[in-house]
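Enquirer: Pasting a structure below so you can have a look.
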């Protein structure tokens, strides 16, 4: 085989490697820091929560997301080693509980890491960095939705209230960036289930959350129960 043939083969192999790598990697534009209101989560499931919910917004997950096209998911099948997060498990159980089954927090964290966190590279380096990042955001950076609303005198009283009041309170703590809401109807009343705070792809500054498409559960009415 001549030099020309060797160059052709090397070029084809290199092109194939690039194609495989690019097809197996989905990038992301921004992050959603999603927090769920425990009582509404329990009301949304056909099987009741095993333990009474706290009247708090706690972490659902930190999700790398795209403005257009599919969001990246399941970028690894490697489960979380509980020993690697042993020193932060006490904090995680408080801010990131498995609301549906408090006997299996690790299972919930593992699902969030595999489905979402593993796709956050380079902003998220590994599983321990993923969980520590969430702790920093929720506690140190005070991206705790319950705390944000409480500072604005909006307490979880289980009453109907204007969604715009909730949005304005959150905007005041996120450099006036638009949050994302998810609602559900329960016994004819629309409950606020989730709030998402959006950040850029490097997790360094807030950004507006994209407007949800028509028919999305992320479209909430003017008044919601909280």
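In case you wondered, yes, glycine gets a Cβ from its N, Cα and C as well.
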Enquirer: Check Swiss-Prot: it lists 36, 98, 99, 108, 111, 112, 115, 116 as binding RNA. Then name which of 60, 71, 83 it lists for that same site.
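Expert: Site partner of 36, 98, 99, 108, 111, 112, 115, 116 for RNA, according to Swiss-Prot: 60.
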Enquirer: Please state whether DSSP places residue 98 (RNA binding site) in a helix, a strand or coil.
Expert: coil
Enquirer: According to DSSP, which kind of secondary structure is residue 77 (N-linked glycosylation site) found in, if we only use helix, strand and coil?
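Expert: Going by the DSSP assignment, residue 77 (N-linked glycosylation site) belongs to neither helix nor strand, so it counts as coil.
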Enquirer: List every residue in the same chain as residue 77 (N-linked glycosylation site), at least 6 positions away in sequence, whose Cβ is under 8 Å from its Cβ.
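Expert: Expected: 114.
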